[in-house]
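Remarks on the structure that follows.
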Amino acid sequence: MLRTFYGSAELSADWTGEYEEKSAQWFELFLDLIMVAACSNVAEGFKDDLTVAGFLEFILLCLMYSSSWHLYTHFNARFSETSLLHYSFLYLLLMGLGSMVLASEPGYRFTIGLVSIRIAMVLMNSSVICSLPEARAKARIDIALGVIAITLFISALVIDTHTWTIAVYLLTLVLETLAAFVVARCFPGSFVAMNIDHVDEREGCMVMVALGESVVSAFINSRGADLPAHFYMATCLSLLVIFSLAIFYFATKPPRAMHAMRRSVYSGFAYSLMHYALLPTLLATGVGTKLVSEAVLKATPLSSNALWVLYGSISLALLEMLVIRLLHYWGRQPAPSDPIDVKRIKYAWWAICAVSPLCPLGIALIFEVANPRGVAPISALVGAAAVVLFWLVSETSVMHCLRVLGYGYSGTLEKKRDDPETLLLPERTV
C-alpha cells in the first residue's frame with residue numbers, strides 16, 4: 001500500500017540483531033523476472049560460443065548483472081521504502097536492467113542500461129539522505145561511488161570502443177565491490193546494518209533464478225516435435241542434477257545467529273562474493289545440460305568442451321558451496337563441548353564436503369581418456385547425476401547420524417541441546 005509520495009525510508013535492521021525478519025517484497029520479484037531473461041540470454045550466448053573469448057564474455061556479463069542486482073538487494077536490506085517516489089526510481093532501475101537484456105552484449109546500449117541503474121541508485125540514496133539522518137554518511141559514500149561509476153560509463157559511451165568498454169566494466173566491478181568495501185572500512189561510522197534474513201532469502205532467490213533458467217530451458221520445446229526417448233531421459237537427468245545442486249545449496253543456510261554476515265565484516269563480504277561467483281557457475285551447469293540434450297537430439301557424441309563445461313561447473317559449484325559453509329561454520333563445528341564420537345562424525349562431514357569438488361573432475365577425466373572420439377551424451381549425464389547424488393546421500397547419512405544422536409534438530413527427533421553453536425545444522429536447514 002502506498003503511504004506517501006516521498007520520504008518514508010526506514011531502517012530494515014539494527015546492530016542488536018533483535019529485528020523482525022523481512023521477506024522479499026513483491027517489487028523485488030520484478031527484478032528477478034528480468035534476471036531470468038538476462039540469465040537465458042547470457043547462457044544461450046555461451047552455449048553458442050564455447051571459445052575462451054566466449055567464456056570470458058559470459059563471465060563478464062554475469063558479473064555485471066550480478067553487480068546491478070546486488071546494488072538494489074543490499075539497499076533494500078538496509079532500508080525499507082514504500083513511497084511512490086521510490087517506486088519511480090525502481091522503475092528507472094528496471095528499465096536499465098531491461099535495456100541490458102535487450103542489448104545482450106557489451107556495447108553502447110548495454111552501457112546505457114548500466115548508467116540508468118546507477119542513476120536510480122543515486123536517486124534512492126538521495127532520498128535516504130533526506131529522510132534518515134542516521135544513514136546519511138552511508139548514503140553519501142554510496143552516492144559518491146555511484147557518481148564515479150556513472151562517469152566511467154559515460155566515458156565508455158563517448159569513446160565507444162570495445163576495449164575501453166570492457167575496461168570500464170571491469171573498473172566498475174572493482175569499484176562497487178573491493179573499493180566500496182575498503183572505503184566503508186575507512187569510515188566505520190558510516191555502517192548501516194543489513195537485514196541478514198532478507199539478504200539470505202534474496203541470495204537464495206538469485207540461485208533459484210539461475211537454476212530455474214536451466215529447468216525452463218530443459219523443458220521448453222517446439223510443439224509437435226517428435227522427440228526421441230533418450231531426450232526425455234536426458235531432460236529428467238538434467239532436472240535431477242539441477243535439483244540436487246539446489247538441495248546442496250539450501251542445506252548450507254544457518255539461522256541469523258550463525259550467519260557469516262553476523263560473524264564479521266570480512267566473512268560477510270566473502271559471502272557476497274561467493275554469490276557473485278555462483279551465478280555464472282550455475283548457469284554454466286545449465287549450459288552443460290543443454291549441450292547434452294542437443295547432442296542427444298543430433299545423435300552425436302558429446303564434445304570435449306561440452307563435457308568439461310558440465311563437469312567443471314558442477315565441481316566449481318560444489319567448491320563455492322563448500323566455501324559458503326566454511327564462512328558459516330568454520331571454527332564453530334565441531335564445538336569444543338561435543339563428545340569425541342560426535343566430533344568424529346562432524347569431521348567426517350567436513351571431509352565429505354572437502355572432497356566433493358574433486359570427484360566431478362575425476363569422472364570427467366576418466367570419460368575423456370576412455371572415449372577419445374567423444375562421450376555418449378546420456379552416459380555423461382548419468383555420470384554427473386550419479387556424482388551429485390552420491391555426495392548428497394553421503395552427506396545426508398552423516399547428518400542423519402548426528403540427528404539420531406541428538407546433535408541436530410528434527411521435528412521427529414528429540415533435540416537434546418539448545419545452544420545453536422553446538423549444532424551442525426540449524427533449525428531452518430533442510
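Cβ coordinates come from backbone N, Cα and C, glycine included.
Curation does not apply to TrEMBL; its annotations are automatic.
Given the structure is predicted, the values throughout are model-derived calculations rather than measurements.
For reference, TrEMBL has these:
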type: TRANSMEM; residues: 50-72; note: transmembrane segment
type: TRANSMEM; residues: 84-104; note: transmembrane segment
type: TRANSMEM; residues: 141-159; note: transmembrane segment
type: TRANSMEM; residues: 165-184; note: transmembrane segment
type: TRANSMEM; residues: 231-252; note: transmembrane segment
type: TRANSMEM; residues: 264-288; note: transmembrane segment
type: TRANSMEM; residues: 308-327; note: transmembrane segment
type: TRANSMEM; residues: 347-367; note: transmembrane segment
type: TRANSMEM; residues: 373-393; note: transmembrane segment
CB contact flag for the transmembrane segment (231-252) and the transmembrane segment (264-288), at least three pairs under 8 A: yes
Candidate ranges 50-72, 84-104, 141-159 - greatest C-beta contact count to the transmembrane segment (264-288) (under 8 angstroms): 50-72
Tertiary contacts of the transmembrane segment (50-72) (same chain, 6+ residues out, Cβ under 8 Å): 28, 31, 35, 38-39, 42, 90, 93, 96-97, 100, 105-106, 114, 117-118, 121, 166, 169-170, 172-173, 176-177, 206, 272, 275-276, 279-280, 283-284, 303, 305-306, 309
Other parts of the chain folded back onto the transmembrane segment (165-184), taken as Cβ under 8 Å at six or more residues beyond its ends: 60, 63-64, 67, 71, 106-107, 111, 114, 138, 141-142, 145, 148-149, 152-153, 155-156, 159, 190-191, 265, 269, 273, 276
